[in-house]
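Here is what TrEMBL says about this protein:
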type	residues	note
TRANSMEM	A:6-23	transmembrane segment
TRANSMEM	A:30-54	transmembrane segment
TRANSMEM	A:105-124	transmembrane segment
TRANSMEM	A:144-168	transmembrane segment
TRANSMEM	A:175-195	transmembrane segment
TRANSMEM	A:201-223	transmembrane segment
Amino acid sequence: MEFFGCTFLAFGPPLAMFAFTIAKDPIRIIILIASAFFWLLSFLISSLLWFIVVPLRSKLAFGLVFSVLLQELFRFLIYKLLRKAESGLKKVTDNSEQITSNKHILAYVAGLGFGIISGAFSLVNVLADAVGPATMGLKDGSDLFFLTSAATALCFILLHTFWSVIFFSGMDNRNYLHIAWVIGTHMMASCFTLLNQDEQYLASLLPGYCIMVATGCMAYHVAGGTFHSFVASLKCC
Amino acid sequence: MAIIDQHLLHSHRSGNVGVIHCIETETDLDWLLDNATAEPYMAVIQPHMFTREVMLALKASGKVNGVVLINNRSAERPQYFSHEDTCPNRYSGLSNVEQTCNISKPWNPHGTGLMLIDWGFPIFHIEHEDTISKLYECYQKYNAHNKDEQLDRSLCALEMNSFMSAAVDSETCIRRSSTPTILNRIRYCDPLGGSNIWSTLYPRFKAEETNRTVVVVAARLDGTSMFDGLVPGAMSPVSGIVTLLMTAKILASIAQNASDVDVHHDNNVLFLLLNGEAYDYIGSSRVVWDMKNGMFPMKPSSSATQEPPPLYLHNIALFVELGQISTLGEKRANETTLYFHQHYPTSNNILNRYRMEKFVENMNRYGELVGLKFSVINDKSFPPASLQSFLAASSDISGMVLADHESQYLNTYYHSIMDDGQALNYSYQNGSKPSTDSIQKLVANLARTLAQTLYFYVDSTGLRDELDVPEPDTYAELVDELFHCYLDSMDCPVFRAATNKTNLQNKPASLYVGVNGWNSPITTLTGLTLALLVNQTVNRTEKNCHSDEYIWMSNSLDGSNSSGVCIKTTMNFSKAMSPAFYDIPDYDWSSGKYSTWTESIWREFTVRMFLKPSRSHETLTFSLGVVVLSLSFLIVYFANSRSDILFGSTLFKLEKNSKQPVYTSVKYWVRLLEEAGGGSYVRDGVAVSAGLHSDKAVQLGDTVFLPSHSQPQVYSTVSVECVKVQCQQQKRNILCPSLGSSDGLGAPKYSES
């Protein structure tokens with residue numbers, strides 16, 4: 001029960017996004033996988049770094065900071081790669097396909113790839129334990145642990161998607177403010193999760209979701225949405 | 001009569017989970033049966049509550065997924081604790097012929113029979129004190145308070161894993177196991193069995209006459225209990241085994257002193273340690289079957305002259321079985337009474353009666369010197385004993401069972417985990433002299449008496465009242481060592497010497513018979529010890545000490561390292577496996593003639609303790625997940641289907657009406673856009689045309705300038721390639737080509753008209 005609850009909570013939204021926006025287009029799937037691979041590379045390097053710097057192994061914050069920076073570096077690399085590959089992609093895709101025609105779609109797909117893989121890595125071992133028959137709290141810990149883990153994973157999946165959209169557009173338009181926002185909020189949201197060590201789940205989730213909503217609005221704006229268009233889309237049903 | 005051999009433990013493949021509930025009093029039990037809500041439960045029970053009534057109530061309630069028996073060694077023991085039947089081996093032995101167990105006065109009066117019930121849930125035993133206290137702590141912290149609101153919180157639970165693969169009964173299981181599947185044979189269960197140990201006083205010769213008689217001195221080698229690996233079996237069978245070992249030792253030393261070992265004798269003594277007797281006489285019925293078929297002690301090979309002739313049932317002159325021996329009986333004036341049980345119908349034979357009377361007479365004569373008295377019980381009921389198998393096959397064997405009890409066992413822990421040294425009043429003396437009323441002394445005296453009587457029986461050429469036998473004190477010390485090996489730790493001087501190893505497993509022996517094809521360690525150790533005690537050292541080097549008759553052993557009992565010696569022995573093993581499984585073709589499984597016990601194949605037993613999530617918490621998590629999942633599908637579907645409007649990055653579709661000129665002005669477009677109508681396409685939510693007059697209709701091929709939303713000063717051009725009207729003129733539903741173009745802007749949907 002807890003397993004399914006947490007899985008649906010964390011991976012329901014990305015699953016829906018994948019099913020409706022990505023699954024129909026093979027090119028998008030490829031880009032998704034490629035960006036997931038890039039995230040894995042960043043993860044590999046940050047874990048190597050953690051492994052090498054022996055004295056700081058027990059310090060969570062150290063690994064976290066470098067992991068965030070590395071993730072952003074690899075976001076930049078995949079941006080570069082996709083921009084380089086753009087002309088090639090155009091040739092590959094059918095005329096009718098639109099993947100290359102809207103830069104934001106590329107960014108969105110790449111971001112979702114980042115998010116899904118990071119969510120998977122942060123949650124899979126927790127989910128494995130959530131299968132049962134036990135729950136948290138025998139020695140210490142709270143029975144809300146599974147739920148908060150899933151919620152945090154969801155938050156970061158969505159954040160990665162939004163960050164990529166903002167980041168790509170920022171790179172396109174040389175809008176360094178946007179890029180700074182991405183890196184800044186990434187660092188901030190990650191640092192808030194450090195509070196989970198002391199079981200202050202609310203203190204880490206609430207700011208995380210606030211940042212998520214703010215970043216989401218910003219990404220929507222960057223992608224061309226306005227309040228008007230939002231209202232318009234609601235109206236015409 | 002069918003032998004019931006359902007396995008005792010069932011469990012789900014994924015393990016049994018239940019909420020811990022400690023049952024210490026009747027109140028706890030009643031609460032569990034009547035008021036408990038958070039089922040299934042794991043009942044945690046102390047030995048004094050582990051009774052038939054409680055267990056059956058738990059089973060009937062259906063609320064229990066498993067039972068844990070807490071056995072704190074330091075706690076006081078219940079007076080009775082036996083889970084064997086009141087009539088052990090009720091359906092085998094002589095039971096096919098007659099009633100040997102008086103139901104109103106059964107042999108094992110306190111037997112609960114719990115061992116023979118198919119529970120449907122696992123029963124575990126925990127004695128580790130740390131584990132016990134953790135279990136109680138967890139129970140007190142999470143489960144014990146506000147018991148009626150257990151459903152609303154996380155509860156301390158146990159998971160037991162003890163999956164057994166066998167099903168239904170032995171016949172089905174053996175049939176399934178021997179059915180070859182495509183790839184390989186899957187075993188579901190193994191027949192119980194092991195090895196009997198046999199040895200003769202004098203070596204048997206190759207060209208021996210076939211009418212020589214033997215006196216059989218037998219004891220059972222196995223016990224049982226409800227729990228795997230916990231069969232201390234102190235009173236049954238260890239007391240009998242030790243008595244037999246000592247008898248063999250003393251008898252051999254008498255014979256060696258008389259230096260008549262290599263002379264031909266008309267009578268011989270056959271020592272038999274029978275295995276699997278707790279499970280409907282596996283070992284003895286096998287020996288009987290072998291004897292009937294001329295295959296005891298071993299199958300004759302083609303060159304029959306190479307071996308001594310096989311022994312048949314009619315070669316048995318006398319059968320003395322050593323049952324439970326203890327000091328628990330009444331003791332009068334420094335005289336311990338032991339009882340010879342005779343089979344009533346058999347002992348009516350005059351020759352038999354004479355033999356047995358004579359034997360008991362001699363026992364009493366020798367026993368008197370050491371304070372032992374033997375009385376004969378010749379009753380209609382006959383205790384469960386290996387002798388029953390022999391009597392069932394041949395009713396004129398003169399046989400007796402020697403035990404400490406009259407018509408009911410003195411052992412209140414028969415076949416249970418508590419039948420250990422403590423129950424036997426045994427404590428290890430470690431070299432010092434055991435007291436006169438100790439079990440060590442009793443066994444030593446008994447063995448001495450029996451050995452003297454036996455020697456007198458097999459070699460009656462001269463009366464030997466002053467047999468050259470060492471004082472029983474040294475024997476009592478050896479008995480002490482032997483009990484130490486079985487009851488305290490297998491890593492003991494005697495076993496170390498017998499195996500010629502420097503260390504063995506440091507734990508009490510477990511006397512469960514095991515399954516066929518695998519000799520339990522205690523069988524091997526007992527056999528080697530028998531060989532060691534009889535101890536006929538020969539002058540051979542280790543290299544030459546390898547044939548069947550020779551064993552290389554350590555020669556010092558005190559365990560100091562020795563170079564080892566070669567021992568010539570008649571000790572050997574014979575199969576203790578019911579002939580029903582592989583030897584008798586088309587055996588009738590329902591006949592009950594032979595034991596058909598099998599042990600299911602099982603994986604390792606494990607127990608885990610954890611917090612089980614409360615049902616409300618589980619429901620909350622699950623419903624939250626489902627809600628988020630469905631909501632996200634809805635939202636994403638909506639956003640995706642309206643993405644052109646939502647993000648405004650594609651041109652709007654205007655569908656106000658279809659008459660020309662529909663799209664007269666940009667102003668009109670803008671208005672329509674604000675109303676979110678659609679028909680043609682305008683980018684970025686705001687359509688501003690530099691090239692068109694406000695009241696001029698948009699034509700095919702017109703170029704429309706559209707500002708980028710984020711950078712209004714940058715204009716993109718869109719060539720109007722399709723308007724709806726145009727499409728309609730074709731009078732066919734056609735897909736208009738994309739309006740999106742080289743500038744990488746809007747990706748309009750195709751309007752299908």
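Each residue, glycine too, has its Cβ placed from N, Cα and C.
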Would the transmembrane segment (A:201-223) count as touching the transmembrane segment (A:144-168), if touching means at least three Cβ pairs under 8 Å and pairs must be 6 or more apart in sequence?
yes
For the transmembrane segment (A:6-23), name the stretch out of A:30-54, A:105-124, A:144-168, A:175-195 with the most CB-CB pairs under 8 Å.
A:144-168
Is the transmembrane segment (A:175-195) packed against any residues at least 6 beyond its ends, judged by a Cβ distance under 8 Å, and which are they?
60-61, 64-65, 67-69, 71-72, 75, 152, 155-156, 159, 163, 166-167, 169, 201, 203-204, 207-208, 211-212, 214-215, 218, 222
Same chain only, please: residues at least 6 beyond the ends of the transmembrane segment (A:30-54) with a C-beta under 8 Å from a C-beta of the stretch. Say none if there are none.
18, 22, 62-63, 66-67, 70-71, 73-75, 77-78, 81-82, 99, 106, 109-114, 116-118, 121, 164
